[in-house]
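Peer 1: Provided herewith is a single structure, encoded as structure tokens, for subsequent inquiry.
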């Protein structure tokens, strides 16, 4: 059985933003087109490096996000408002890692699109849904952190968790609505390059001859899934920064230790969300820029240079890496998550959570009495724990 050869850079048509499914099949009378020749050949070493990188992204991402989700559902103290959104992010990342990333890895050995017309539509829908869940969840989470910083002492309503779950569900629904046109119009198209006597099969959302559609599609994806959400997030964090600067002029006194701790906790979570946003922006920017370059340049086919191929691989790997970095960013930023992550990773029993401080109060009582046989009066102090019966939001910010 003849070994399949990877496609050359000029035989891969990158047709949709954040593309994880595009693939091509080459039919040529020229035997030199069956492999990569000359300086553009990545060689078996480069091919192995690509597959090892994909394998690391998939395995590490699945492990990290699965543990994050397990920590959320098994640890009651972690079931808070910001953690609901972060867990929703983990589900979106898992969806991408289990479907689109393995499919993308088949490009380099497969001779054509392996998953048919239905697979093209389904995978296009999943890919854009996952990207939408990531960026829209970060937007909602930034808005939530802004409210928490501006009103740090405001109590959450009793149904706050339920309302947050509904918001997270709405993010998924909106993401699916935005991804629906991708599923409807995506198809496996065959393209021909008369200069090289070869044909291309690719899962795309438009025929390659429709240059205007490609330009509109790339621009809309860049705006809807990158520029607009990140602009909104930037506004929220500008307001957060201004609020935090003003708060330094009115720091609570030592007697208000609970208020101080709550404010500091919300500041810490705001910084954590900002790190997640920055990771998303950095990981997805090269992929968006590459798609815009393909859409608005006069070239019909991908630049055949080795440098272009390297940048294409780099942009894909960086975009997929965003789906596995969030759990490890949280591990680095949150001691609480770090503790539970280690416990789940090494199959140890997590430490029992401390009892809520806000539900009890320690009261010192003075007791006066007469000592028998002496007639002298002695006063003693005892500590009594009283249950207030009110639930103050004390563990809101765990990650």
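Backbone N, Cα and C atoms are what each Cβ position is placed from, and that goes for glycine too.
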Peer 1: Check whether Swiss-Prot assigns residue 113 and residue 185 to the same side of the membrane.
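Peer 2: Judging by the topology that Swiss-Prot records, the two residues are on the same membrane side.
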Peer 1: Kindly point out the range from 164-184, 185-205 that Swiss-Prot annotates with transmembrane segment.
Peer 2: 164-184
Peer 1: Across the topological domain 'Cytoplasmic' (64-82), what is the average pLDDT of the model, as a whole number?
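Peer 2: The predicted confidence over the topological domain 'Cytoplasmic' (64-82), as a mean pLDDT, is 91.
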Peer 1: Other than its own, how many Cβ atoms are within 10 Å of the Cβ belonging to residue 120 (disulfide bond)?
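Peer 2: Neighbour count, Cβ to Cβ under the 10 Å cut-off: 24.
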Peer 1: Among all the protein chains here, how many other CB atoms are within 10 A of the CB of residue 203 (disulfide bond)?
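Peer 2: There are 27 of them.
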Peer 1: By Cβ distance under 8 Å, which residues at least 6 away from the ends of the transmembrane segment (164-184) in the same chain are close to it?
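Peer 2: Here the qualifying positions are 16, 81, 84-85, 88, 121-122, 124-133, 136-137, 140, 144, 205, 224-225.
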